[in-house]
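Q: One structure, pasted below without further comment.
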Amino acid sequence: MASFSEAPPGDFKSGEKIFKTKCAQCHTVDKGAGHKQGPNLNGLFGRQSGTTAGYSYSAANKNKAVNWDENTLYDYLLNPKKYIPGTKMVFPGLKKPQDRADLIAYLKEATSS
């Protein structure tokens, strides 16, 4: 598996489209917004997995204790259930490196507090 450092440059607008079609039904990025089926992703970068206040995470997410950054998200988004066995997230992942890079570009800007 290629790493984020080998990924193509991400495109914010393409990532926004991916978020709206693949992620927004379960997540929001809006500061102060409540959780949906999944946690609010605002402030995602630099945060440890399973620590968003007010959201009930699986033990797997809490115990993984990964700090979210471009590299960890790139690997996670390929196959969430393989990266964190036991996660509640039902999303199958993004197989294309460009899609993952685009989504990360969007999330990096859209989730900054």
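Cβ coordinates are placed from backbone N, Cα and C, and glycine is handled just like the others.
Pulled from Swiss-Prot, these are the listed features:
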- Ala2: N-acetylalanine (MOD_RES)
- Cys23, Cys26, His27, Met89: heme c binding site (BINDING)
- Lys81: N6,N6,N6-trimethyllysine (MOD_RES)
- Lys95: N6,N6,N6-trimethyllysine (MOD_RES)
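Can you walk me through where each of these features ends up in the structure?
A: Around the Cβ of Ala2 (N-acetylalanine), the same chain contributes Pro97, each under 8 angstroms and 6 or more positions distant in sequence.
For His27 (heme c binding site), the same-chain residues that are 6 or more apart in sequence and have a Cβ closer than 8 Å to its Cβ are Phe19, Lys36, Gly38, Pro39, Asn40, Leu41. The DSSP secondary structure for His27 (heme c binding site) is coil.
Within the same chain, the residues at least 6 positions away from Lys81 (N6,N6,N6-trimethyllysine) whose Cβ sits under 8 Å from its Cβ are Thr87, Met89, Pro92, Gly93, listed in sequence order. In this structure, Lys81 (N6,N6,N6-trimethyllysine) is part of a helix by DSSP.
Other Cβ atoms within 10 Å of the Cβ of Lys95 (N6,N6,N6-trimethyllysine), summed over all protein chains shown, number 10.
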Q: Rounded to the nearest angstrom, how far is the Cα of Lys95 (N6,N6,N6-trimethyllysine) from the Cα of Cys23 (heme c binding site)?
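A: Here the two Cα atoms are 15 Å apart.
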Q: Roughly how wide, in whole Å, is the group Cys23, Cys26, His27, Met89 that binds heme c, by largest Cα to Cα distance?
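A: Taking every pair of listed residues, the largest Cα separation comes to 11 Å.
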Q: Across all protein chains in the structure, which of the binding-site residues Cys23, Cys26 has the highest Cβ count within 10 Å?
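A: Ranked by Cβ atoms within 10 Å, first place goes to Cys23.
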Q: Sorry to bug you, but what's the C-alpha spacing from Cys26 (heme c binding site) to Lys95 (N6,N6,N6-trimethyllysine), rounded to the closest Å?
A: 19
Q: Using an 8 Å cut-off from the Cβ centroid of Cys23, Cys26, His27, Met89, can you name the remaining same-chain residues around the heme c site, in sequence order?
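A: Checked against the 8 Å cutoff, the neighbours are Lys22, Ala24, Gln25, Lys36, Gln37, Gly38, Leu41, Phe91.
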